[in-house]
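Enquirer: Structure provided below as structure tokens; questions to follow.
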Amino acid sequence: MQLGLDFGRVEALVAGVDEVGRGPLCGAVVTAAVILDPERPILGLNDSKKLSEARREALSEEIREKALAWCIARAEVEEIDRLNILHATMLAMRRAVEGLAVTPRLALIDGNRCPKLAVPCAPVIKGDAQVPAIAAASILAKVARDREMLVLDALYPGYGLARHKGYPTAVHLEALARLGPTPIHRRSFAPVRELLDVVSIPCAPTS
């Protein structure tokens with residue numbers, strides 16, 4: 001699809017859309033949609049994974065202040081388990097775009113596929129490193145989800161959620177095996193599902 005856009009500059013009424021949290025074993029998948037204001041530039045936008053936590057936090061506040069419109073949305077653990085992670089992510093992206101206070105003329109989606117939207121959309125592979133609005137969306141989503149994981153870490157101590165943010169690190173997998181899944185763990189993900197299968201195996205009767 002020929003978009004006729006200069007990815008290095010802010011385009012009027014173009015929404016960037018990105019997600020954070022497809023890979024973790026627990027918690028919601030969080031998405032964001034952002035329409036930047038060409039008259040109010042934000043310096044230093046980049047893929048959220050390439051920025052320090054302090055820089056992400058500062059940019060998140062600047063994006064909220066300067067963007068023409070922004071919306072953070074989500075799909076909950078129950079939706080992920082019911083729909084699968086791909087469809088839940090598409091649902092959360094749609095919610096983010098539909099939640100914008102300004103209707104975009106085009107939505108650019110990070111990745112290789114688009115959700116079903118009422119506005120024209122196009123996927124952009126590695127868009128968070130190419131399109132400023134997608135980079136802004138990745139920052140909002142990352143900061144929002146990381147903050148949620150700090151809250152969940154306090155609610156479910158022992159899993160190290162504040163450190164690894166729910167991703168399947170060795171520390172998380174060890175804690176999961178030792179403590180068992182919590183209500184925020186995704187039952188449809190193999191490491192969690194396999195643990196539940198082991199727990200549900202009935203013991204052999206003793207003679």
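Cβ atoms here come from the backbone N, Cα and C positions, even for glycine.
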Enquirer: Besides D18, E19, which of D47, D81, D110, D146 does Swiss-Prot list for that divalent metal cation site?
Expert: D110
Enquirer: Which chain-mates of D110 (divalent metal cation binding site) that are at least 6 residues away have a CB under 8 A from its CB, listed by sequence?
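Expert: G16, V17, D18, E19, P123, V124, K126, G127, D128, V131, I134, A137, S138 - these are the non-local Cβ neighbours of D110 (divalent metal cation binding site), listed in sequence order.
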Enquirer: An 8 Å radius from the center of the D18, E19, D110 Cβ atoms defines the neighbourhood of the divalent metal cation site; name the other residues of that chain inside it, in order.
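Expert: My list of surrounding residues reads V17, V20, T31, A32, M93, I109, G111, G127, D128, I134, A137, S138, A141.
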Enquirer: Let me make sure I understand the structure: which of the binding-site residues listed (D18, E19) has the fewest other Cβ atoms within 10 A of its Cβ?
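Expert: Relative to the other binding-site residues in D18, E19, E19 has the fewest Cβ atoms within 10 Å.
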